[in-house]
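Everything below concerns the one structure shown next.
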Amino acid sequence: MESPFPCPKTVTVRRNPHRKARPTPSSTVPLPLPLSSPPIPPHIPSFPTPDILSVELSETQRPREIDSFSSSQNPKRKPESENLKVFLRIRPLTVSQNAHKQNKRGGEVVKNAWPKNPKAKHLPKNKVKNSNEICVTVNDPHSVTISPPSSLQESKRIKSVVYEGFSHVFSDESSQAEVYQKLVHPLVEDFLRGKSGMLAALGPTGSGKTHTVFGCIREPGMVPLALRRIFSEDKSNGNQVSRCRTFYLSMFEICSEKGKSERIFDLLQEEGEISLQQSAIKGLNEVTIRHAEQAESLIAHGLLRRATAATNSNSQSSRSQCIINICCTPNSNDGEFDDEPKSTSLTIVDLAGAEREKKTGNQGLRMLESNFINNTSMVFGLCLRSLLEHQKNPKKPLQKHFQNSLLTRYLREYLEGKKRMALVLTLKPGAEDYLETSNLLKQASPYAQIKFIGIEEPAKNKSTKRPTQVLHGAEHSKRMKFSSVEASSISKTAVFGDQPRIEETKDENGSLTEVLVESEEPVSCKVTEGIYIKQDRIELTKREREYQIMVNFAKALWDVLKQYKQKLEMAENEICCIRDNLTCEKRRSSDLEKEVRHLRLISSFPEVPSAGVSSSCLVGLCTGTDSSQDQNYQHNDQKDEKLRTHISIAESSQDLKDLEAVDMHSEDEATSVCIASQDCVKERCEEAAETAGLGQHFQRLKYDEEDHSSVNNIRTLMDVNNVQRDDKTTETEGTDDSEYGSSCLQLFVKNKETCVCSVEEPAISASPVITSCDNSSAVEMDPLPHEEKKLHPSATVMPRENASLVEDTRDCTALDTCSLDISSSRKTEKPKRRLLPASSTLLKDIGSVAVEDDIDKSKGGRGEKKVPLDTRNKSKGSTSLLRLLRNDLRL
Ligand SMILES: Nc1ncnc2c1ncn2[C@@H]1O[C@H](COP(=O)(O)OP(=O)(O)OP(=O)(O)O)[C@@H](O)[C@H]1O
């Protein structure tokens, strides 16, 4: 059963690697950094202009992109690599078909109007191919498929092969103009801009090389089209170009003499055999051309001289390699076009087509010619192959295949990749030409990978300016004269390409010397290649440095802009925060204003009359260690009767009538006692004192730090400020704090002993009135037994007037005495405090004080614990004070 779809033939794809696009300078521009911003720098550093300008390039530092950048800056210098362009042109299957097509297109039958070799008149005409089978199929403008004829497919199982990577594939219907536009036009434009170039046509015999290069009258080839293009520009510019530059045409062929040796003939002169010395052709006639018609006429005459012969493959088969040079040299006196390039050349080579003996049936002389042609084509191909392999693997040396033929010796610079060139492969699409076509594509398609690296155009300085080499008229005689004089020293003459006017000689030291030919006396200047290289290197380094500076400048600018942006964002955020805070503050201020208004409204009511008496606070005593415990004590007052820690606050003067005599000056003051922990006593006292303005009046009476760890030190602070504030709010509004007197009674109990301390109101007494309970204290404390002291601390407050009796011996003017009686055991239960009226507490405590002589105390039994040192040191004055108090209070 047959498949509905024909099974495709097996196809082998031979791919030439794609040429990689050159990195453009724009690709080297640093990309914006990722959005994740780095930590914001504290400040933006100054722009590093000095650092940027001090860029120094090292050999390893030079980026590859610099070359492209430099070349883009100077289009006349393109040191970057450029691939060899390989074009493919497919000839029509038969000429008759082509003529038919041409007739269809233009209505005229195309005939080759170029002069034919008269020898070919009697040669047999090409056999008309009966087979219409083709082996070449154009896939796209850059690839073709070569399919073997059916006979070969069946017998040898040869597969179809796809060849890719061509710059362009011209089908059999392509016109000369189309081929010119894509193949030669770029070369001509470069040539007019001062870039030398070469086009070589390769292909088997009869494939259309000569047709492509020279064409016919109706279909002029690449050479006449190029000439027309060159001079058309000149015409459009009013012959300005030809006035500034001079164009020369030279045409020669390389053929073999009976297949033994190669000979070079100048096709523009009769019997013009010339020779090749090194890479230069000696004696080549360069004809000055002024317009295209003249040049075409010269070429037509040259083609008549070219060796052709009729073969089985081609009735007018080229038997030689034909080379045409169009040379351009600017006029030396013209300064207007001083920037124009110097001595450029456009070379077009029509190679003789390789032949297969079986097919051509050549014999004898034709066969020898065929061997020469095939050998030259092979050497040409070997040179390119060696260049390609060398470029692929630099370890492989560049073979000197060029030495094996005159053509390759002449084209050495092109074949070594030093100058720009293009190849056009011509093919015959017939099935009988499959093998030639296949071999050519297999051999030549990889050439598209060849790169021309570091192509340097001739320098513009005067020393490199080449005079014309045209060997006609006076110049010819000059040359001959010079040659006769210096012939012995001339080792070689450079006439190729853009160096036809320089003759290189070797001096005694063996160094290379270039001799300018146009001078009667040869001007010798030691110009070695190194000089040019050095100059170019310096210029290149300069450009690279400038480029590097610009790159660094751009980077630094980018960084600075980025930092400024971050800073701007920060500032904006800050502004937002400040704005929010301002709004809150405004809101607060408005609230405060409302409150003030409210308070003023309240203050407008009649004032509560001041009591006019002192509201003093007597300090309660406590054994607690912190204020939080004090609060607990207050809450648990009823539970612990034993704990005799008293915190008494005199709320009104009526409660302290007994004490009015003692402290007459403290009527207005409010006294409170702040029981603070041992750790915060000092801070609290200082804070309270500072708040109340009593910093200089407030003194701690006594604090013995020696033994504070053994007993819970009880400190009682009179936080005057707190009480003052309380009183102030109750008594008057808007009164200054300083109006209130403040006093602070601080009691220290050390080692369960009662200390008496007093702080007098500073407003009344300028001097600090502090009575300490040290050894010289006026109050003589009767120490209790040790166990009792632990449990019953008590404090006795004494009237000031009584205390004043003993003030002659003390620093204090008043004395408030507190006796502490610690009676509660902290071991058993939590201490409780009961808030009692100060007067009752004082009376009670004073009554409980046992006034005894220190002597009696010291006479205690041996087993008794010794009285502490501070107690023993109680003076008689203190004892007397206590007695007086008792008497005065009638206790
Ligand atoms: N593209 C083409 N269009 C029309 N005719 C062509 C084309 N190519 C070649 N021919 C004709 O084919 C014949 C052979 O072409 P040509 O002489 O150019 O081949 P060749 O490659 O130069 O051969 P050889 O190497 O033997 O010189 C010529 O008569 C030419 O007119």
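For all residues, glycine too, the Cβ spot is worked out from N, Cα and C.
Noted in TrEMBL for the protein shown:
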- 1-83: region 'Disordered' (REGION)
- 31-48: compositional bias 'Pro residues' (COMPBIAS)
- 83-450: domain 'Kinesin motor' (DOMAIN)
- GLY203, PRO204, THR205, GLY206, SER207, GLY208, LYS209, THR210: ATP binding site (BINDING)
- 853-878: region 'Disordered' (REGION)
- 856-873: compositional bias 'Basic and acidic residues' (COMPBIAS)
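Feature annotations (TrEMBL) mapped to structure.
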| residue | record | Cβ contacts under 8 Å, 6 or more apart |
| --- | --- | --- |
| GLY203 | ATP binding site | LYS209, LEU351, GLY353, ALA354, LEU425, THR426, LEU427, LEU440 |
| PRO204 | ATP binding site | SER313, GLY353, ALA354, GLU355, ARG356, THR426, LEU427, LYS428, ASP433, GLU436, THR437, LEU440 |
| SER207 | ATP binding site | ARG91, GLY353, THR426, LEU427, LYS428, ASP433, GLU436 |
| GLY208 | ATP binding site | ARG89, ARG91, THR426, LYS428 |
| THR210 | ATP binding site | ALA201, GLY221, GLN316, SER318, ASP350 |
What is the total of other Cβ atoms whose distance to the Cβ of LYS209 (ATP binding site) is within 10 Å?
28
Restricting to the domain 'Kinesin motor' (83-450), what is the model's mean pLDDT?
80
Including all protein chains shown, what's the count of other C-beta atoms within 10 A of the C-beta of THR205 (ATP binding site)?
26
Tally every other Cβ atom lying within 10 Å of the Cβ atom of GLY206 (ATP binding site).
27
Around the ATP site formed by GLY203, PRO204, THR205, GLY206, SER207, GLY208, LYS209, THR210, which additional residues qualify by having Cβ within 8 Å of the site's Cβ center?
ARG91, ALA201, HIS211, ASN314, GLY353, THR426, LYS428
Coarse DSSP state, helix versus strand versus coil, of LYS209 (ATP binding site):
helix
